[in-house]
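Colleague: After the structure tokens below, expect a handful of questions from me.
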Amino acid sequence: MLEKGLQFIKEVVVKPENLAVAMGSGDLPVLATPAMVAFMENAALSAVEDQLLEGNTTVGAMIQTTHLKPTALGDTVLVTATLLEVEGRKLTFSVVDSDSQGKIGEGTHIRYVVDRNKFMEKLTSR
């Protein structure tokens, strides 16, 4: 059962493919905002995936983030996702990323619980 307060914390080392210059979101060799957001989404998924019914998963629907500070190649990012609210299939998370120097990003992320097969059927019927 999904309950408020579920939390997932993981460490991610910043790799060359996570840099803004590699992702095309900037021209500096620092952690790209799209990579930081992907870390947040992955942590939110991981926070609840073991609690879902068989055949279900979650899909991201909204993320509102602020990228506060740059992070260098090779630094470790601590990613924390905390489930704040459960409204039926809608899950609202607080997401925070920190590196060796402190907080680098924070935000709110919404995911929806979906049946994997039905979701993919909708894709092919579009």
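Placed from the backbone N, Cα and C atoms, the Cβ positions cover glycine too.
Checked TrEMBL, it gives:
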type     : residues      : note
DOMAIN   : 14-116        : domain 'Fluoroacetyl-CoA-specific thioesterase-like'
ACT_SITE : Thr33         : active site
ACT_SITE : Glu41         : active site
BINDING  : Gly60, Arg111 : substrate binding site
BINDING  : Gly60         : CoA binding site
ACT_SITE : His67         : active site
Colleague: With Cβ-Cβ distance below 8 Å and at least 6 positions apart along the chain, what are the contacts of Arg111 (substrate binding site)? List them in sequence order.
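Modeller: Those within reach of Arg111 (substrate binding site), by Cβ under 8 Å and sequence separation of 6 or more, are Glu41, Ala44, Leu45, Val48, Thr58, Val59, Gly60, Ala61, Lys90, Leu91, Phe93.
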Colleague: Going by DSSP, is Thr33 (active site) part of a helix, a strand, or coil?
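Modeller: In three-state terms, Thr33 (active site) counts as helix.
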Colleague: Quick check for the class: what is the C-alpha distance, in angstrom and rounded, between His67 (active site) and Thr33 (active site)?
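Modeller: Between the Cα atoms of His67 (active site) and Thr33 (active site), the distance comes to 7 Å.
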Colleague: Please spell out the DSSP helix, strand and coil residue counts for the domain 'Fluoroacetyl-CoA-specific thioesterase-like' (14-116).
Modeller: 27 helix, 52 strand, 24 coil
Colleague: Show which residues of the chain containing Thr33 (active site), separated from it by at least 6 in sequence, have their CB under 8 Å from its CB.
Modeller: Ala20, Ser25, Thr65, His67, Gly105
Colleague: If you draw a 10 Å sphere on the Cβ of His67 (active site), how many other Cβ atoms land inside?
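Modeller: Within a 10 Å radius of the Cβ of His67 (active site) lie 18 other Cβ atoms.
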